[in-house]
Structure formats: C-alpha cells, structure tokens
Amino acid sequence: MEQLPRIESGIAGLDILLKGGLVAGASYIVQGRPGSGKTIFASQIAFHHAARGGRVLFATLLSETHERLFQFLSTMEFFRRERIGAEMQFVSAFDTLENEGLDEVVKLLRREISRQKASVMVVDGVLNARSRAETSLDTKRFIAELQGHAAFAGCTVLFLTSARLDDGSPEHTMVDGVIELGEELIGSRSIRRLHLRKTRGSGAIPGLHDFEITSHGLVVHPRLESVWGRTASPEAIGTRRESSGVPALDEMLGGGLPSASVTLALGPSGSGKTTLGLHFLSRCSAEEPGLLFGFYETPERLCMKAASLGIDLRGLIASGAVEVLWQTSAERSLDGLGHKLLQAVERRRVRRLMIDSLSGVARASARPERLIDFHAALANELRERHVTTMASWEMNSLFGAEIHAPAPELSSLVDNLLMLRFVEAKADVKRVMGILKVRDSDYDSSLREFSVRGDGIHLGRGFERMASVLSGAATIAGS
Amino acid sequence: MTTILVVDDEFLITDVLAFALEDEGFMVVRASNGKKGLDVLDRERPSLVITDYMMPVMNGVEFAQAIHGRHGEGMPIILMSGAHADLARQSGHLFACIFDKPFVVSEVVDAVIRLVGRPG
C-alpha cells in the first residue's frame, strides 16, 4: 500500500488524527463560524510549514487588513514577524474580486503560486467568493480551478470559510478533505470540537475530537479510544506480583497486586482511598517510578498526609521517584486529561500509578455515554505499558446497605476491586475493607477493620464475629 | 493639479491614503498591484508614487526598479512596509521615504507635501 506524502500540520494531536499530516498537494475546506479558530488553525500550519523550509501564500478575500491580522496573530507563540514577506507572502484579492470577479481572482492566485513557489496556500474568505458567485456552481468552479492548478504545482490548499456548507454541497465534492471547527455548550461549559468530515486518501480518524486554543495555538485531543488501547494483548497482565504497600493486604491478595493490572478502590469520602494510594506509591524508586494523578489534594497536603502515615512522600518527590500532577480545574477536556496522563506515564516510564480519583476524570466528560469506551481504552493502554495502576472511585453514601457502585461495565473493566466502607459497630464508627475481585486469582475475602496509625494502615480482624457488616450497621453474629 | 499614484492590494489602505490626500487637494489614482500601477503611471503621469511592499505580481522593490527603468530615477517613491521593513531597507536607495505599517496617515501626507509641494 502506498503512503501519500504528508505535510506536518504542527498542530498537536491533529497529525495523529490525519495519520501524519495533510496530504501534500491536496486541498481542504476548513469551515466554522466566526471565532471558531479557522484563522489561527491555518496560520499555525502556515508558520509551521515556513519554519520547516516551506513557502506559503496567504491570500485573503476579506476586507480586514493584513496588519490587523498580524497584530492579532502576534499574541500567538508560533508567530514570527520576520517570516512575513520572506517565506510567507500575504496578498489581498479583495479588490480584484470586487472589481474584476472570480475568474480574475483565480488568475491572480495561479500566478502568485508560481511566483512565490508556494507549497502551502491559504485562501481566507471563500464565503465571499460564494456570495459573489451567480450560482453555487461558480464557487465550485473557482475551487476546482484553483485546486487543479495548485495540485499541479504540488501546493496544498486550505480554503477557509464561515459558511455552513453541508455534506452535499458542490464545494465539498471538489476538495480532498473537510475539517469543521465547532463549539458546543454543555451546561455553562463551552467545548470546542474539531470534526473531520471528509478525508480522502489518508485513513484519518473521523468523528468529533475536542480541542483548545492556547497561546501555542490549537491543541487537539483525539478521542482517547480512537488512538490508544486498541491492541490489548492478553499477556499484558503479568504473573508477577507488586506490593500494594500494605503487607496485610498483599497477604490477602495472595502475594500482592498482579503486575500491570488496574485496581479500583471504591469508597466514600474519608474512607481511606488516598491513604491506600499513598502506601502503594511508597514503594516507588528510581527503577520503579510512580505518578500521582490527583484532583482534590494539593501536593503539599498530600506530603503532610503521607508524613502522618510515616511515608516520606516529600523525599520520594525530591529524589524523582514520584511525581505529583495536580489537576487544578475540572474545566478540562476528558481526552485532554487522558492524553496528559499517558504522556506523564510515558515521559518517566512510570510503573506505579495512582489516579485519585477516576470519578474526577469522569467529571470532565461532557458525554457520559462515552466514559466506558474512554476508561476501557485508558485501562488497556496502561496495561500495555506495564503500569500497575490503582484508582479511587468516590461513592456517595457514607453508610447504608446500598452500594452505588460505578456502572457495572466499569467494574468489569478493572482487574481488581477493593471496597472501603464506614460501619457502625457497638456505637462506634469503624472502617471496613474487603476485596471484591482479583482477576484470575484466589484471594482472602474476609472483611477487615481498616485503621490508620502513625506507621500506616492496619487491617484487623475485628469483624470476624459480626454479621451484616456491609449494611453499615453490624450486629453480633448469632444474636 | 498634482497627481499621486497609490498602489496596494489592500483596498482599505489605498482608500485611507486616497481620502487623506484628496482632502489636501491632490488628485489620486490607484492600482491594486505593480503591473497595473505601471499602466496607470504611463497613462496618468503622476508626480509621486506610494507603494506597498508585499503585493501580488511584483513586490514594492521590483515595482520601484521597473519605474526607474522606464522613467528614470527622478520619480519620488514612498514605500509602505510592514513586517518586512528590513528587506525593503536593503533597497532603501530606491525610495524617498519608508514607512512601517501601521503608519500615521498625516505623517505620510506631510512627507508627500515635503517631496512634491502642496497641490497648486
């Protein structure tokens, strides 16, 4: 199978979606309402292309002056004023369009492609060309003629338009790709979405993908399940065991957590999930680096909490054995979080990961129905990378017989399930821990009294003579 | 009547300059690129040319060279240059003045008056 030569877009995430970049010599329509980021999108590609030795022709059919455009773009990190007039030429075809019509614009731009030896051309304001054309067929011809000539010269073209052209529009049939930039309001949050509506000759990943506009330009977050965790080898989970950091728990697990497995610790707030995670990370070293991907507690608070358990988290961080990534805001894209997590894992070759909590990750999701696919991809990818993962999941009720477990599908995605609960016994609030599942392994299923002292977690046998412990109100067995 | 030729592919800039110069009493002719500018030059015989640098067909320096080639070096030419001012300054001898974009319109008008006098 032949691979078409590509032009790297330089937009983080987009080249992954496009399987390497824009097809060289192909033409694309980039559509979206005003403010959707089309100009930044095209400029970012243009500056990246120029930085890699390419030549760019930026033609505007708009009334806005180029100087205004430069002022606006100068706030972006990729902007390089010295390239303008050198590798990048900006021409206005507005006057030609107004006075001489579309045919003359085509002639002008054809000449300019040759004169500038352009390998990328941006035509901003194709909507204007459309409003000018007597029938929609005229813009079709305009695009056809221009891209025909560009393709002959090996020049990749981006037509920017704020028109909402639908899939059946004649313009769409003429070009090789259609990229739509959109925005969606979910509650009070606004989420930008990139939609690859048409991609010819590229095997690109279709569908909607979140993106953000930062000072570095666009950052696209491909849907996690569309790029990762697609090849789960059944051998990923090893027969080796890794210590959970709590010797008594290792014993119950039959030697520790299976290497490269994913463990979910369910429990209400204050039941000891983070404490358990800190024990798990206490076994990190330079050879076995760890990561805490957290939402609630700041690194400073975590260090204090660890110190009270006799764990020197500060020292582990200082030596580089543990990294704490604290997510300050919930206003993030679900896929943005997923990619950030996987990048942090990749960067330090992390072997022990604590996600505190997975429900915090889930909260970033605008579409709950996607969560299962997302978590499945994340879990598969972590197993593939031989990361032993512990994740917490916040449960709502403190007491009570009802256990609001996360979706049953989620429980089946993880390899091991631990449960932490509060229980009232003899007018005393105690904490209880039990193992609900260990993949392909026998385990000690007894409920243990979970207590925390200055030297860490203790798992006592305080419930041996009790019944109905999981109801939240334990009774003495037989009474 | 003193005629000024303004050449720029960006119509907003030719408009702004033309209005300001017409207010001073100059006659203004326009062109959207250098090639068209040369035609207008032959036809209208202006006293001074104001040109952009980054334009289709030929850039400001090529345009100025073509004017000097056809009409000798007597014709004063003002260059309006944006990000690429340094490139243009390498050919500074071709121009009576160089303004960086965004420029102050009144300063350009003052420069025109200094070079060709007030319109008679």
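Each residue, glycine too, has its Cβ placed from N, Cα and C.
Annotation source TrEMBL lists domain 'Response regulatory' at B:3-116.
Counted within 10 Å of its Cβ, the other Cβ atoms near B:ASP52 (4-aspartylphosphate) come to 26, all protein chains included. According to DSSP, B:ASP52 (4-aspartylphosphate) is assigned to a strand segment. The 4-aspartylphosphate feature in TrEMBL is assigned to B:ASP52.
Break the domain 'Response regulatory' (B:3-116) down by DSSP state and the numbers are 56 helix, 24 strand, 34 coil. Note on the domain 'Response regulatory' (B:3-116): mean pLDDT across this stretch is 91.
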